[in-house]
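Now, the feature entries from TrEMBL:
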type: DOMAIN; residues: B:23-534; note: domain 'Cytochrome oxidase subunit I profile'
type: TRANSMEM; residues: B:35-58; note: transmembrane segment
type: TRANSMEM; residues: B:78-99; note: transmembrane segment
type: TRANSMEM; residues: B:120-138; note: transmembrane segment
type: TRANSMEM; residues: B:167-194; note: transmembrane segment
type: TRANSMEM; residues: B:206-238; note: transmembrane segment
type: TRANSMEM; residues: B:258-277; note: transmembrane segment
type: TRANSMEM; residues: B:289-313; note: transmembrane segment
type: TRANSMEM; residues: B:325-348; note: transmembrane segment
type: TRANSMEM; residues: B:360-381; note: transmembrane segment
type: TRANSMEM; residues: B:401-419; note: transmembrane segment
type: TRANSMEM; residues: B:431-449; note: transmembrane segment
type: TRANSMEM; residues: B:469-495; note: transmembrane segment
Amino acid sequence: MFGFVVFLLSETVIFLSFFVGYIVFKTSATDWLPPGVEGLEVRSPAIATAILVSSSFVITIAERYLHRENLWGFRSFWLLTMVMGSTFLYAQAMEWLSLPFGFTAGTFGGTFYLLTGFHGLHVLAGIVMQGVMLGRSFIPNNYAGGEHGVASTSLFWHFVDVIWIVLFALIYLWQ
Amino acid sequence: MSDATLTALPKTEQPHPGAPDNWKRFFTFSTDHKVIGIQYIVTAFFFFLIGGLLAMVMRGELITPAADLVDRTVYNGLFTMHGTIMLFMWTFPFLNGLANYLVPLMIGARDMAFPKLNAVAFWMVPVFGVILMASFLVPGGPSQSGWWAYPPVSLQNPTGNLINGQLLWLVAVALSGISSILGAVNIVTTIVRMRALGLGWFRMPVFVWAVMSAQIIQLFGLPALTAGAVMLLFDLAVGTSFFNPAGGGDPVLYQHFFWFYSHPAVYVIILPIFGVFSEVFPVHARKPLFGYPFVAVSSLVITGLSGVVWVHHMFASGTPDWMRMLFMFSTMLISVPTGVKVFAWVATVWGGKIQLTTPMLFALGGLVMFLFAGVTGIMLASAPFDIHVNNTYFVVGHFHYVIYGAAVMGAYAAIYHWFPKMTGHMYYEGLGKLHFALTFIGANLNFFPMHPLGLQGMPRRVASYDPEFAFWNVIASIGGFILGLSTLPFILNILSSWVQGKKAPNNPWRAIGLEWLVSSPPPHENFAEIPVVVSGPYGYGSNEPLVELAESKAAE
Ligand code: HEM
Ligand SMILES: [Cu+2]
């Protein structure tokens with residue numbers, strides 16, 4: 001667990017670097033948005049954000065069930081977290097497909113896809129970790145061994161959420 | 001001790017299968033930290049030789065004013081690859097290897113916190129090594145933009161191929177960053193969580209303190225470099241414009257990412273070497289390390305300060321004056337904790353019963369060269385002077401005194417000092433001394449002339465120069481060749497004594513420290529029984545009974 005926390009600290013610096021890049025580009029740009037783009041739609045990303053953030057609570061409930069040794073309670077809320085995470089990813093994919101600009105559309109396009117893409121990879125990694133833990137919970141007597149992984153996965157999930165909140169504020173709210 | 005130490009009790013893992021004394025183990029995916037340590041060190045030296053060969057070609061070119069040996073583009077590729085290989089393929093892997101080998105032994109642990117992750121991090125090294133080397137073979141040759149790869153130069157792609165030297169360079173550097181971050185997570189976790197009972201922070205050898213401080217820099221600095229490298233990679237390969245001024249990007253932002261890591265990287269290199277000095281001097285001068293707690297903590301202070309100095313590399317990049325002042329000040333501040341260390345070593349050696357063994361010679365020689373580098377470093381830290389000599393050979397001279405004079409010499413000191421422990425054999429003292437003499441003479445002949453050259457105004461990164469610079473360049477080249485030659489007695493010594501050297505006792509230097517309590521080479525599980533530590537690490541002279549205790553323990 002300690003090692004994982006150290007790793008997440010290091011990851012934070014990667015995200016911070018990208019954030020700094022975004023802020024520098026945005027504050028120094030002469031024309032920021034690609035030609036023909038008025039602004040980003042906020043509503044559906046906001047809904048996706050709400051889903052992702054609430055999944056942080058759901059995963060905590062799942063953990064509680066595990067502590068009370070209620071395996072089915074754990075599994076159902078754990079699975080719900082995975083569904084919510086996947087919904088978020090789906091919403092992001094849809095947004096990407098609908099946008100009229102690409103990765104190479106100036107510094108805005110670059111940082112937009114870099115940030116959301118890198119974060120999306122983390123969401124995906126989180127879902128994969130959750131899947132592994134879910135699978136493990138079906139191995140008899142492996143339940144105690146899984147607890148450690150469950151705690152780390154959950155921590156990772158909160159981390160991904162917090163990063164997204166900053167990202168959402170930077171990209172969608174500060175237009 | 002508190003419960004914290006109890007939870008820090010090393011997990012008793014099963015010993016790893018297969019003995020490290022069987023040479024085939026070194027070519028397999030082993031999770032034994034001692035095997036991985038030696039794998040790192042040997043790999044690093046393999047690349048050291050390649051980087052050295054490239055340096056020989058450069059010095060060969062520079063022996064005459066004209067560009068007659070290699071042409072301008074080849075020369076650019078040479079210094080880029082030389083710098084890159086030396087830093088990413090030699091120093092970091094070497095120091096990781098040393099830390100891997102020594103840290104668990106020194107803190108009384110059976111292995112690193114994450115043995116498998118450890119092996120993964122190591123095996124990435126040959127992978128990115130091959131990627132980097134492959135750039136000699138692709139059309140257009142290796143990257144020519146120097147080891148810092150500043151855009152827009154690094155964004156030029158004259159061949160138009162997607163696979164080019166610069167791309168391979170960036171992939172290798174990004175991979176090296178990831179490998180080092182994984183290594184750092186492992187080492188820091190090991191030091192914090194796996195110390196033996198009784199090994200409080202202020203009973204830890206300075207080497208362990210120094211390694212921990214250095215790895216903290218890796219954790220917080222490397223991600224910035226990796227982020228920068230990834231963005232540059234996209235710019236080059238798919239046409240984003242993060243750093244491309246033509247597309248509205250900001251090349252100076254890249255410089256910030258780069259130096260935010262790469263200045264502290266100097267301390268990633270030098271801190272463990274300071275750690276080596278702090279281990280070698282007390283043992284071979286038979287005196288306790290002077291001011292131990294200050295020496296230990298000064299490593300962390302350096303780590304902290306190193307995060308706020310990077311802009312001194314950009315004094316000449318149109319940095320605002322207030323920023324220059326600020327960063328000039330913070331840079332000079334680093335000389336305080338560094339001075340604490342130097343003072344402590346001198347005080348340790350002073351009046352000691354000095355034994356001029358090979359490790360001691362290398363440590364002393366390294367200290368002398370480091371002092372010289374310190375003087376030129378303070379000169380460079382002052383912005384007005386830096387703006388004057390920036391991009392001249394003065395800078396090249398300064399950093400080679402640090403990186404060769406202190407770091408390579410310190411690395412040799414470490415190798416000779418712990419060679420008996422690692423291999424179970426003694427090295428040949430005569431060959432070791434010859435190696436030292438050639439290295440010390442060669443290094444000074446090679447790197448000293450660069451200072452007058454720089455003051456006279458010879459620019460760096462040039463294949464040809466004005467004939468007025470010829471005198472010092474000839475001397476530097478002669479020194480360079482002596483330096484190249486000096487590796488021969490070294491390799492000969494290591495190989496032959498590894499195979500047929502005299503059997504080494506468990507504690508040949510009569511040293512204190514957990515690593516000397518185990519047999520040479522140490523058994524698989526390191527300690528049959530995890531030791532309980534009852535005293536500090538440096539009781540030489542004042543406390544020789546401790547040494548005897550260690551010896552009798554080692555003899556058991
Ligand atoms: C035999 C010993 C060595 C010789 C003869 C040598 C020589 C040189 C020369 C001639 C240059 C080009 C300077 C310029 O034009 O700017 C250079 C650059 C450099 N060297 Fe060395 N060097 C040696 C060892 C080392 C070591 C051990 C390291 C690091 C561990 C190192 C790191 C570098 C770096 C980082 C550069 C800058 C490359 C760049 O500008 O991109 N060198 N060296
Ligand atoms: Cu610096």
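The backbone N, Cα and C atoms fix where each Cβ goes, glycine too.
Nobody curates TrEMBL annotations by hand; they come from automatic prediction.
Put simply, of B:206-238, B:258-277, B:325-348, the stretch with the most CB pairs closer than 8 A to the transmembrane segment (B:401-419) is B:258-277. Note on the transmembrane segment (B:35-58): residues 20, 25-26, 69-70, 75, 78-79, 81-82, 85-86, 89-91, 93-94, 96-102, 118-119, 122, 125-126, 129, 133, 415, 422, 480-481, 483-484, 487 of its chain, located 6 or more positions outside it, place their CB under 8 angstroms from a CB of the stretch.
Using the rule of three or more Cβ pairs under 8 Å, pairs at least 6 apart in sequence, the transmembrane segment (B:360-381) is not in contact with the transmembrane segment (B:78-99). The transmembrane segment (B:289-313) makes no contact with the transmembrane segment (B:431-449): fewer than 3 of their CB pairs lie within 8 A, with pairs spaced 6 or more apart in sequence. Comparing B:120-138, B:206-238, B:431-449 for CB pairs under 8 angstroms to the transmembrane segment (B:167-194), the maximum falls on B:206-238.
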